[in-house]
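Here the structure is laid out as structure tokens; the discussion comes afterwards.
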Amino acid sequence: MRSKKLWISLLFALTLIFTMAFSNMSAQAAGKSSTEKKYIVGFKQTMSAMSSAKKKDVISEKGGKVQKQFKYVNAAAATLDEKAVKELKKDPSVAYVEEDHIAHEYAQSVPYGISQIKAPALHSQGYTGSNVKVAVIDSGIDSSHPDLNVRGGASFVPSETNPYQDGSSHGTHVAGTIAALNNSIGVLGVAPSASLYAVKVLDSTGSGQYSWIINGIEWAISNNMDVINMSLGGPTGSTALKTVVDKAVSSGIVVAAAAGNEGSSGSTSTVGYPAKYPSTIAVGAVNSSNQRASFSSAGSELDVMAPGVSIQSTLPGGTYGAYNGTSMATPHVAGAAALILSKHPTWTNAQVRDRLESTATYLGNSFYYGKGLINVQAAAQ
């Protein structure tokens, strides 16, 4: 009897020890999982010849999970815990490890802007953006809208695979300002004959990972887009994002990006990314009287201004509405670039940018107005 009690006590003790150990292991595993975040791992240029499999191994060996390897950026999107981040930063083949930040649409705020930038003067000459491909890197475009001609696209939002559905309405509004058709309904776009491509990188809440945006820009490069419109941005810089934006520009694409809706903060720049990168055309917003919108971001990186207050444009479901924002100003510049290229198809993206900036109407201090309001009639001379 005494022996039996001893055996039961021993069995209970072993069970208790096992349970505590298992619980501790589970807690450690849960702790590890909870610290995992999304990152972009960049490899050194000297490692550009490294195979995709080897790059994947470098990350996997540290406990990371590779989500995507980029085409034009020597980097990969991955999920990492803190330990993996520290180990990868020490790896001799790794150049950088940066958080895969989230960008947001710069929403919101009528075609008065079309006349304000002198687009009708080009229309009357027969230049309306024909044969120019514009990638709208945004929340998708409602391709069923009767006032839009969407020629193609792709989605890089994992949970929203249809680029022709726009849950936030932002991308559809942007698309209308660029190229709403010259017909008997709705509104008129800056370049009504331009070909629109829906490149979805923002979800229905208007947010998207930087890695999704990088994928979208890579798609635009691979599919020979002439103009990229990015009415989006974030407060944090990214080596990978800058690399792919620079690649797009070196590939001959005109890249217009919204400066942001952060207003001004003394002498501190409030321009967001990717607009802050020198290779982009950073666009601020003015109203119908050419006064800077109070929300328009300011900074030395600002390049030009365009209408961005109460801009009437297309919305999903065949409807229309007015939004405010540098998001609404930027497509005026993208559309203007398409108009110029339809008149001067041999011009380089650098020439298009130079003409837009050098012919802009001076409005005031460049910190707040850049070179001024774009004048596409003058730019296309």
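Cβ from N, Cα, C; glycine included.
Feature annotations, reproduced from Swiss-Prot:
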| type | residues | note |
| --- | --- | --- |
| SIGNAL | 1-29 | signal peptide |
| DOMAIN | 38-103 | domain 'Inhibitor I9' |
| BINDING | GLN108, ASP147, LEU181, ASN183, ILE185, VAL187 | Ca(2+) 1 binding site |
| DOMAIN | 111-380 | domain 'Peptidase S8' |
| ACT_SITE | ASP138 | active site, charge relay system |
| ACT_SITE | HIS170 | active site, charge relay system |
| BINDING | ALA275, TYR277, THR280, ASP303 | Ca(2+) 2 binding site |
| ACT_SITE | SER327 | active site, charge relay system |
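Annotated features, which come from Swiss-Prot, shown on the structure.
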{"residue": "ASP138", "record": "active site, charge relay system", "DSSP class": "strand"}
{"residue": "ASP147", "record": "Ca(2+) 1 binding site", "DSSP class": "coil"}
{"residue": "HIS170", "record": "active site, charge relay system", "DSSP class": "helix"}
{"residue": "ASN183", "record": "Ca(2+) 1 binding site", "DSSP class": "coil"}
{"residue": "ALA275", "record": "Ca(2+) 2 binding site", "DSSP class": "coil"}
{"residue": "THR280", "record": "Ca(2+) 2 binding site", "DSSP class": "coil"}
{"residue": "ASP303", "record": "Ca(2+) 2 binding site", "DSSP class": "coil"}
{"residue": "SER327", "record": "active site, charge relay system", "DSSP class": "helix"}
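Looking just at the domain 'Inhibitor I9' (38-103), the mean pLDDT is 95. Taking the centre of the Cβ atoms of ALA275, TYR277, THR280, ASP303 as the Ca(2+) 2 site, the nearby residues of that chain (Cβ within 8 Å, site residues left out) are VAL255, ALA257, ALA259, VAL271, PRO274, LYS276, PRO278, SER279, ILE281, ALA282, GLU301. A separation of roughly 7 Å, to the nearest angstrom, links the Cα atoms of HIS170 (active site, charge relay system) and ASP138 (active site, charge relay system). Neighbour list (ILE185 (Ca(2+) 1 binding site), Cβ cut-off 8 Å, at least 6 residues apart, same chain): PRO146, ASP147. The Cβ of ASN183 has fewer other Cβ atoms within 10 Å than any other of the recorded positions ASN183, THR280, SER327. Within the domain 'Inhibitor I9' (38-103), the DSSP-based counts of helix, strand and coil residues read 21 helix, 25 strand, 20 coil. Of all the Cβ atoms in the protein chains shown, 30 others lie within 10 Å of the Cβ of HIS170 (active site, charge relay system). Each residue contributes its Cα atom, and for ASP138 (active site, charge relay system) and SER327 (active site, charge relay system) those atoms are 10 Å apart. Here the Cβ of VAL187 (Ca(2+) 1 binding site) has 18 other Cβ atoms within 10 Å, regardless of which shown protein chain they belong to. Taking Cβ-Cβ distances under 8 Å and a sequence separation of 6 or more, the neighbours of ASP303 (Ca(2+) 2 binding site) in its chain are THR280, ILE281, ALA282, VAL283, GLU357, GLY370, LYS371.
Here the Cα atom of ALA275 (Ca(2+) 2 binding site) is found 28 Å from that of LEU181 (Ca(2+) 1 binding site).
In this view, ASP147 (Ca(2+) 1 binding site) is surrounded by 23 other Cβ atoms within 10 Å of its Cβ, with every protein chain counted. Within the same chain, the residues at least 6 positions away from TYR277 (Ca(2+) 2 binding site) whose Cβ sits under 8 Å from its Cβ are LEU241, LYS242, VAL245, ASP246, ALA257, listed in sequence order. By neighbour count, meaning other C-beta atoms within 10 Å, the densest spot among the binding-site residues LEU181, ALA275 is ALA275.
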